[in-house]
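Peer 1: My questions all concern the structure below.
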Amino acid sequence: MSTLLAPLHPYAGRVVVVGVSGGADSVALLRALVQAEARPVVAHLDHALRPNSAEDAQWVHDLAEQLGAAHTSTRVDVAAVAARRGWNVEDAARRVRYEVLSRAARQHGAHTVMTAHTRRDQAETVLMGLLRGEAVLTGIPAVRGRVRRPWLDVPRSEIEAYLKALGQEWREDPTNADVTYTRAWLRTEVMPVLAARFPGVEAALGRVAKLAQQDDEALRDLAAALTPHAPRDRVPLAVLRRRVTQELKSAGLQFHVGQVDQLAEAQRTGETRHVTLLGGRGVTVTGGALHLAARAWPLPSFSWPEDWTLRTRQPGDRITLPGGTRKVSDVLTDLKIPRDQRDDVPLLVSAQGVKWIGVEPNIWAKGARAVVGQPADLLDTAMGEALGLAREAALAQEVPVGAVVLGPGGRIIGSGRNTSRADSDMTRHAELAALRAATAELGTAYLTGCTLVVTLEPCPMCLGAALEARVERIVYGASNPKAGALGGVSDLLSSHWGHVPAVTGGVRAQDAARVLRDSFQELRQRRLKSPDV
């Protein structure tokens with residue numbers, strides 16, 4: 001019992017969100033937290049994968065009531081989320097589960113979230129990584145952000161003995177025996193065979209994870225310390241693999257382990273090698289340096305009038321957008337297109353100016369779509385919705401900013417406006433409201449493939465939220481010279497982040513600026529009439 005309680009004593013008197021499914025591990029962790037005099041908040045996720053899953057939710061609710069613990073329960077159709085996002089069910093369940101735990105922590109002011117992963121879970125994770133050919137078998141980390149996993153070294157036998165000593169029952173989830181799920185197959189069919197020949201297999205795999213985590217941390221530090229032009233021929237491959245991984249991730253590229261191996265080996269030997277990554281982006285190693293291939297810019301897939309010319313940019317090129325006329329060079333700069341690639345971007349140009357810019361997605365001059373029979377601009381329409389929300393905010397005497405989130409298919413899945421004044425809360429920005437609504441709609445914290453459309457360039461707080469949510473693209477109207485995080489004050493995306501969204505600025509910029517200007521003029525007039533406003 002001391003093995004179970006010892007890591008929990010530091011949390012005495014503290015609010016701790018604990019994920020409780022009803023299974024033995026999580027029920028034991030809840031009981032142990034109560035015994036250690038912590039203040040547990042029970043968070044349960046009903047995955048809606050079984051017809052009687054609501055019975056588990058009620059059972060967990062009753063247990064929390066008996067123990068006097070706060071309780072929250074959420075039902076999410078995990079299978080539907082998986083189908084919608086292109087994930088497998090196990091991955092979707094994990095992502096949704098941690099979002100539910102994080103939400104509960106925010107609601108209850110908890111700085112710690114605990115899960116009841118045990119030595120068995122760790123062993124299965126390491127074995128799964130080995131079978132998948134993962135380069136580093138680090139397994140499940142004991143600490144990640146606010147999440148703590150105090151029982152990664154605890155065998156299942158100790159947990160069951162603890163529950164039996166308490167006379168505490170638990171629930172058995174039938175899906176844990178469904179071998180169509182990889183982890184269930186490993187648990188029910190593979191691990192028993194290994195344990196029969198190697199009785200200490202769980203502890204051995206757990207040791208592998210712990211040592212691998214220590215090694216990986218040291219090697220990642222060495223990789224990060226490599227300067228761009230330092231010779232690579234004497235750098236260990238283990239360090240080079242991590243350096244390549246860091247560079248590809250910072251560029252927002254997708255890849256698999258074999259591609260990292262090829263690039264790292266080429267860096268060390270000095271040979272020239274080209275690798276096409278997932279998604280078609282090319283990477284070349286020459287002279288030990290990593291070079292990303294230039295993008296393949298899209299050409300027009302439609303017919304255009306005879307007086308339009310297909311060419312690349314020239315000095316002075318301008319395009320008339322719904323929000324006003326802008327230099328093409330400024331548009332390409334806002335899109336974060338590297339300087340050495342801007343002269344390769346195709347344009348359609350008439351005597352009146354640039355009509356079309358060949359980036360993804362295409363940028364059209366005002367009225368140009370109708371000339372060639374193309375459908376309405378999705379971003380223009382979305383910005384119109386955001387402007388409507390900004391005007392609502394202005395009427396409510398809030399800072400007039402509105403935002404919407406477009407799902408992968410282009411449908412609006414979240415919207416919001418500023419409510420900071422009404423709520424006396426400076427985190428009530430339009431972007432955060434729209435992101436919250438979108439995550440609730442999709443049932444996950446990650447908005448992969450989604451676009452955030454906002455009338456005013458985001459501040460650092462809202463940009464940070466978009467980065468955490470893995471938003472694929474940020475579109476804004478007016479620049480923000482007082483708090484803009486995308487160039488208005490500082491371009492925070494110029495630093496190296498794990499995920500960098502594409503950025504499009506200036507969409508209906510004049511309309512967005514007009515809403516701001518009119519609102520602030522009205523506010524100044526009210527203050528002149530009544531200084532207390």
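For all residues, glycine too, the Cβ spot is worked out from N, Cα and C.
Swiss-Prot feature annotations, pasted as is:
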type: BINDING; residues: SER21, GLY22, GLY23, ALA24, ASP25, SER26; note: ATP binding site
type: DOMAIN; residues: 377-500; note: domain 'CMP/dCMP-type deaminase'
Peer 1: Which has the fewest other Cβ atoms within 10 Å: GLY22, GLY23, the binding-site residues listed?
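Peer 2: Per-residue Cβ counts within 10 Å for the binding-site residues GLY22, GLY23 bottom out at GLY23.
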Peer 1: Using DSSP, how many residues of the domain 'CMP/dCMP-type deaminase' (377-500) fall into helix, strand and coil, respectively?
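Peer 2: Summed over the domain 'CMP/dCMP-type deaminase' (377-500), the classes give 47 helix, 25 strand, 52 coil.
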Peer 1: Compile a sequence-ordered list of residues in the same chain as SER21 (ATP binding site), six or more apart from it, whose Cβ lies below 8 A from its Cβ; state 'none' when nothing qualifies.
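Peer 2: Looking at Cβ-Cβ distances below 8 Å from SER21 (ATP binding site), excluding near sequence neighbours, one finds HIS44, LEU45, ASP56, VAL60, ARG171, ASP173.
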Peer 1: Should SER26 (ATP binding site) be counted as helix, strand, or coil on the basis of DSSP?
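Peer 2: The three-state answer is helix.
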Peer 1: Which ones in the same chain are close to ALA24 (ATP binding site), with CB under 8 Å and 6+ residues apart in sequence?
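Peer 2: Sequence-distant Cβ neighbours: ARG156, ILE159, GLU160, LEU163, TRP170.
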